[in-house]
Amino acid sequence: MELQQRNDDNGSSRPTVANDTFQKIIGSFGKYQFWLVCLIIVAKFPVASHQMAIIFLAPKTSYVCQDTNAETCPCANPIYDTSIFNSTITTEWNLICERKWLTSFTQTLFQLGTLLGSIIFGMASDRFGRRLPLQISVLMQVVMGIAAAYTPDFWTFTFIRFFIGMSVGGVMVTTFVIIMEFVGPEHRDVLSALYQVPFNLGHVLLPVWSYYLRDFSDFQLGISVPTILLLVYFFLIPESPRWLIAVNETEKAIEILEKVAKVNKRSVDVRKEVETYQKKLMENNTKRGTVIDLFLTPNLRKNIICMAFNWLSCSYCFYGVSQYVGQLSGNVFVNVASSASVALIGSFLSIPLMKLMGRKTIVILFNFICALCLLLLCIVPEGVGSVVCACIGVVSSFIAFVVVYLYCSELFPTVVRNAALGFSSMMARVGSMIAPFVVEMGDIAGWLPPLGFAVVPLIATLVTFLLPETKGCTLTTTIDEGENFGKKSDDKISKPSDNVE
């Protein structure tokens with residue numbers, strides 16, 4: 001419920017209530033925020049483990065049929081190659097031939113759970129605060145993650161993984177909001193990139209888990225048990241003072257802000273500042289919009305369609321190509337570790353890129369690079385060359401993914417910003433739900449998956465040309481301002497504003 005910078009009639013800008021208050025009380029980024037960020041981002045390690053686990057739960061598996069002594073279908077009595085993995089969900093439940101689609105289906109249901117979890121826990125965090133939904137999602141992740149290791153059949157396993165997906169969605173949406181609500185706006189672009197680093201590290205560690213735990217049950221248990229550590233969130237994570245003030249829990253907010261101010265060595269009358277802030281909120285309260293408002297006017301409609309397609313493209317390519325790498329010939333552990341490592345590099349690379357280049361330029365450039373590398377995969381023989389092309393495709397889509405989150409925050413006005421992020425995030429999950437089935441197209445022809453993945457970022461490259469640049473622009477507040485933003489007649493955009501809700 002922060003108020004954004006408004007322009008006076010003479011065109012000058014006046015500071016936001018939030019900038020005047022919260023930064024004055026606790027500072028933009030002090031010792032307290034540092035330790036809070038370190039504590040929060042640990043949750044991204046298991047998020048990566050669960051989201052990318054399908055690579056080693058259902059790796060490429062060779063078999064021969066007893067009756068034909070060859071890899072044929074149908075196959076009533078398969079003999080599986082267990083030289084690399086002792087047991088996978090493929091070998092455990094015979095997910096081959098007419099049942100092979102079930103490996104993609106279980107991952108699609110996981111991503112559906114992530115989508116619904118993001119929505120449900122996102123709504124809950126607005127209704128009940130940030131802390132309680134985070135605690136529930138962490139508890140669900142611990143219980144369901146461990147339970148999945150002991151499931152007796154495929155459908156129970158898939159059902160439980162659906163709930164793991166919901167918990168992952170809940171953890172992602174609540175942790176990011178907590179970080180953004182405690183730090184100052186000038187640090188949010190850097191932190192939005194660094195927030196992804198633990199995810200990348202979790203992805204890098206996944207081949208290590210799988211290398212030592214070659215049975216899928218042991219692997220599932222191995223990636224789930226460490227999440228027990230996240231139960232410390234029940235005792236260490238504070239509620240968001242911004243949310244407490246928004247729901248008139250003023251005394252609780254003051255108590256937390258006084259603690260943070262003390263740790264950060266800030267000398268300020270917290271109660272006086274909070275009361276002034278609340279008074280201005282009452283005077284300047286702006287009605288929030290909904291998803292429907294994004295589609296009622298032509299410029300906003302164009303912007304949300306193009307932005308949502310970019311989110312879909314990034315998620316579709318990142319999760320899909322990461323899974324595809326696990327199917328390529330060569331050492332599966334090395335292939336996946338290479339793909340994850342370049343994504344980690346992408347997280348760090350995105351920080352100077354966002355400082356030096358425009359959001360639009362970065363998204364266009366890396367969507368195109370991603371599409372080009374994936375098109376090359378259609379003709380490059382499997383081997384080192386194909387792994388290199390796939391890795392560049394992964395890191396390009398990931399860099400674009402990091403940037404579009406900030407781009408989306410800057411592109412839409414305050415009253416519909418959360419709605420735009422929510423709708424775009426939903427489309428990202430749709431992309432990740434489709435991706436596993438594209439990987440399976442490799443059974444028809446080896447060039448089909450890379451072609452299927454290349455087309456989408458190529459289209460995203462083109463549609464991004466329709467979006468305006470947002471770097472260094474004052475954030476808009478109302479629907480009218482958002483509708484006029486980026487139009488040729490609206491070139492009087494003031495110098496940078498650091499307002500981000």
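Quick reminder: no glycine exception, Cβ is built from N, Cα and C everywhere.
The model shown is predicted, which means the values in this text are computed figures rather than measured ones.
According to TrEMBL, the features are:
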type: DOMAIN; residues: 37-472; note: domain 'Major facilitator superfamily (MFS) profile'
type: TRANSMEM; residues: 34-58; note: transmembrane segment
type: TRANSMEM; residues: 108-125; note: transmembrane segment
type: TRANSMEM; residues: 132-150; note: transmembrane segment
type: TRANSMEM; residues: 162-183; note: transmembrane segment
type: TRANSMEM; residues: 190-213; note: transmembrane segment
type: TRANSMEM; residues: 219-236; note: transmembrane segment
type: TRANSMEM; residues: 304-326; note: transmembrane segment
type: TRANSMEM; residues: 332-354; note: transmembrane segment
type: TRANSMEM; residues: 361-379; note: transmembrane segment
type: TRANSMEM; residues: 385-407; note: transmembrane segment
type: TRANSMEM; residues: 419-438; note: transmembrane segment
type: TRANSMEM; residues: 444-467; note: transmembrane segment
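In this chain, the transmembrane segment (332-354) lies apart from the transmembrane segment (108-125): fewer than three C-beta pairs between them fall below 8 angstroms, excluding pairs fewer than 6 positions apart. Scored by C-beta pairs under 8 angstroms, the transmembrane segment (34-58) has its highest count with 190-213, from the stretches 108-125, 190-213, 219-236, 419-438, 444-467. Under the criterion of 3 or more C-beta pairs below 8 Å, with sequence separation of 6 or more, the transmembrane segment (361-379) and the transmembrane segment (444-467) qualify as touching. Under 8 Å from some Cβ of the transmembrane segment (219-236) lie the Cβ atoms of residues 39, 42-43, 45-46, 49-50, 53, 56-57, 134-135, 138-139, 141-142, 145-146, 148-149, 206, 209-210, 212-213, all in the same chain and six or more residues away from its ends. Taking the domain 'Major facilitator superfamily (MFS) profile' (37-472) as a whole, pLDDT averages 88 in the prediction. Among residues of the same chain six or more beyond the transmembrane segment (190-213), those with a C-beta under 8 A of the stretch's C-beta atoms are 37, 41-49, 52-53, 55-56, 176, 179-180, 183, 219, 221-223, 322, 332-334, 336-337, 339-341, 343-344, 346-348, 350-351, 354, 398, 402, 405-406.
Contact between the transmembrane segment (108-125) and the transmembrane segment (419-438) is supported by 3 or more Cβ pairs under 8 Å, counting only residues 6 or more apart in sequence.
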